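Quick notes on the structure that follows.
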Amino acid sequence: MEAVPIPMETYKLGFIGAGKMAESIARGIVQSGVLPPNRIATFHPDASRRQAFESFGVHLHSKNDDVVEESDVVIFSVKPQVVKDVVLQLRPLLSRKKLLVSIAAGVKLKDLQEWAGHSRFIRVMPNTPSAVGAAASVLSLGGGATEQDGDLIAKVFGSIGKTWKADEKYFDAVTGLSGSGPAYIYLAIEALADGGVAAGLPRELALGLASQTVFGAASMACHTGKHPGQLKDDVTSPGGTTIAGIHELEKGGFRGILMNAVVAAAKRSQEFSKS
């Protein structure tokens, strides 16, 4: 049966699970003008979580059933260990007219589709910089999701950063790189700041410079179109300070360590998804 198109101009969006990630996504959607807050709904038993959503106009229902019934697009933003029970509980309401989305890490489309009773499902892997509108999100479409469905969800998650579409078989590697990657970069920022302190800088100045330097370098990589190797060469003068620092990084196996971190996290994600 062909999927009924989601009405782009009037569709309503519901979140099952109202945690920090759901809040970041909902805020991004509202702030970017993708949807007005009165077309977004959720439910949470905790008063502080309800207030967080109400503070920017999102409608709060008294139970998850109402969220699903009132929504054309339903995003499951609950913890991976409870997503099965939640989807099965709501299954009678999850008609093929509704586009379903999961951001639960490590939960495969084939399982989500089986629990929901249909395959109009999209799996999305965002990351924590969604909180500041700088997420890297990867989408994979289930068998019953249309290209239009994919475009709609890309627009929704585009409100909190950048999006890519990829086959689900890459999701463990995505987890190892963009899912876990922010933690590697925080470690690098902390280490750069410690290096600044070791070289004589006050702690606050060192941390500010380290954070802004990483932000600036990432912006250059994203916006100039140049390969990172070329950008590195652009700031590396013969016999200069930068090449001296890079030499130390190379002696310490810097590239290999980062590569190993991504592979190790991807492997762990694979183990989780098999369990």
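Quick reminder: no glycine exception, Cβ is built from N, Cα and C everywhere.
Because TrEMBL annotations are produced automatically, they should be read as predictions rather than curated entries.
Note that the coordinates shown come from a computational prediction; the quantities given were computed from them, not determined experimentally.
Positions annotated as NADP(+) binding site by TrEMBL: Ile16, Gly17, Ala18, Gly19, Lys20, Met21. TrEMBL lists Asn64 with the feature NADPH binding site. The domain 'Pyrroline-5-carboxylate reductase catalytic N-terminal' feature in TrEMBL is assigned to 12-106. As annotated by TrEMBL, domain 'Pyrroline-5-carboxylate reductase dimerisation' applies to 168-271.
Confidence in the domain 'Pyrroline-5-carboxylate reductase dimerisation' (168-271), given as mean pLDDT, stands at 97. When the binding-site residues Ile16, Gly17, Gly19, Lys20, Met21 are ranked by how far their Cα is from the Cα of the residue listed as 'NADPH binding site', Ile16 comes first.
For the binding-site residues listed here (Gly17, Gly19), the lowest count of other CB atoms within 10 A around the CB belongs to Gly19. Compute the center of the Cβ atoms of Ile16, Gly17, Ala18, Gly19, Lys20, Met21, which mark the site for NADP(+); besides them, the chain residues with Cβ within 8 Å of that center are Phe15, Ala22, Glu23, Thr42, His44, Ser77, Val78.
Candidate binding-site residues: Ile16, Ala18, Met21. Fewest other C-beta atoms within 10 angstroms, Met21. Within 10 Å of the C-beta of Asn64 (NADPH binding site) there are 22 other C-beta atoms, taking all protein chains into account.
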